[in-house]
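Colleague: Sharing a structure here in structure tokens format.
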Amino acid sequence: MGAGCVKVTKYFLFLFNLLFFILGAVILGFGVWILADKNSFISVLQTSSSSLQVGAYVFIGVGAITIVMGFLGCIGAVNEVRCLLGLYFVFLLLILIAQVTVGVLFYFNADKLKKEMGNTVMDIIRNYTANATSSREEAWDYVQAQVKCCGWVSHYNWTENEELMGFTKTTYPCSCEKIKEEDNQLIVKKGFCEADNSTVSENNPEDWPVNTEGCMEKAQAWLQENFGILLGVCAGVAVIELLGLFLSICLCRYIHSEDYSKVPKY
């Protein structure tokens, strides 16, 4: 390998690892966000889903390893330290294997995860109270108001709430209330609201002034719309990682051959 080519490879690998260092910080931050977030669907799930909490710690661990790996790769590439390049190669290979494993597990457990999410949401709906003081209830109110959905499958899921259905007048979950399209301001209401000019003597969900579409459909629609982007990002990261493996091997072999060329021959 020519000296010029080696120099280009070395500094390209340095730039690559600098980006990887930043990526590691982003992944670590994402894991911390999952644990700390209190106002989204993530918060609803993590309060009762051990799988999501484990996933958050995995993100934190992978992020930390990626940061260390990026640092080792930068030092190893600039100073041509073969040992550090070797460690970098091993770390990168392990991360690539882990990503493929997680992807396969997620694909084959998608139905199980969907069922777990549904059970979690329905548990919140059944036990929801007019005061809505728990973190799970507040988080679910935020989700319904932000996404403009109601219930998991539909607004009829709320008929399983005994307190709500015990009202004699038209009463509905406040966070499900249908807002005018021109009103872009997000207002998260809590508890149960009584419909204006309610004259009926029973609480019929047909009369609720709410969004009728369930949050499950909204989530599926979002995934379908952004599936191409998600797939492209994952494929791009995998290609970059494979390129990093290739460059580290090339530089490692060059350093190895250079070391042997300096040995005196008799």
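Note that Cβ sites are derived from N, Cα and C of the backbone, with glycine treated the same way.
What Swiss-Prot records for this protein is below:
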type	residues	note
TOPO_DOM	1-11	topological domain 'Cytoplasmic'
LIPID	Cys5	S-palmitoyl cysteine
TRANSMEM	12-32	transmembrane segment
TOPO_DOM	33-53	topological domain 'Extracellular'
TRANSMEM	54-72	transmembrane segment
TOPO_DOM	73-83	topological domain 'Cytoplasmic'
LIPID	Cys74	S-palmitoyl cysteine
TRANSMEM	84-110	transmembrane segment
TOPO_DOM	111-227	topological domain 'Extracellular'
CARBOHYD	Asn127	N-linked glycosylation site
CARBOHYD	Asn131	N-linked glycosylation site
CARBOHYD	Asn157	N-linked glycosylation site
CARBOHYD	Asn197	N-linked glycosylation site
TRANSMEM	228-249	transmembrane segment
TOPO_DOM	250-266	topological domain 'Cytoplasmic'
Colleague: Which residue counts does DSSP yield for the topological domain 'Extracellular' (111-227) in the helix, strand and coil classes, in that order?
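Modeller: Helix, strand and coil residues of the topological domain 'Extracellular' (111-227) number 58 helix, 10 strand, 49 coil.
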Colleague: In whole Å, how far does the CA atom of Asn127 (N-linked glycosylation site) lie from that of Asn157 (N-linked glycosylation site)?
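Modeller: Answer for this pair: 12 Å between alpha carbons.
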Colleague: Would you count the other C-beta atoms found within 10 angstroms of the C-beta of Asn131 (N-linked glycosylation site) for me?
Modeller: 10
Colleague: To the nearest whole angstrom, what is the C-alpha distance linking Cys74 (S-palmitoyl cysteine) and Asn131 (N-linked glycosylation site)?
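Modeller: It is 54 Å, counting Cα to Cα.
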Colleague: Which residue, of the glycosylation sites Asn127, Asn157, has its CB surrounded by the fewest other CB atoms within 10 A?
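Modeller: Each of the glycosylation sites Asn127, Asn157 was scored; lowest Cβ tally within 10 Å is Asn127.
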Colleague: In this predicted model, what is the average pLDDT of the topological domain 'Extracellular' (33-53)?
Modeller: 64
Colleague: In the topological domain 'Cytoplasmic' (73-83), how many residues does DSSP call helix, how many strand, and how many coil?
Modeller: 9 helix, 0 strand, 2 coil
Colleague: Report, as a single number, how many Cβ atoms besides its own are within 10 Å of the Cβ of Cys74 (S-palmitoyl cysteine).
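Modeller: 20, counting other Cβ atoms within 10 Å of Cys74 (S-palmitoyl cysteine).
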Colleague: Between Asn131 (N-linked glycosylation site) and Asn157 (N-linked glycosylation site), what C-alpha distance do you get in Å?
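Modeller: Counting only the Cα atoms, the answer is 19 Å.
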Colleague: Report, as numbers and ranges, every residue of the chain located at least six residues beyond the topological domain 'Cytoplasmic' (73-83) whose Cβ falls under 8 Å of a Cβ in that stretch; write 'none' if there are none.
Modeller: 10-11, 13-14, 16-18, 20-21, 92, 244, 248, 251-252, 255-256, 259
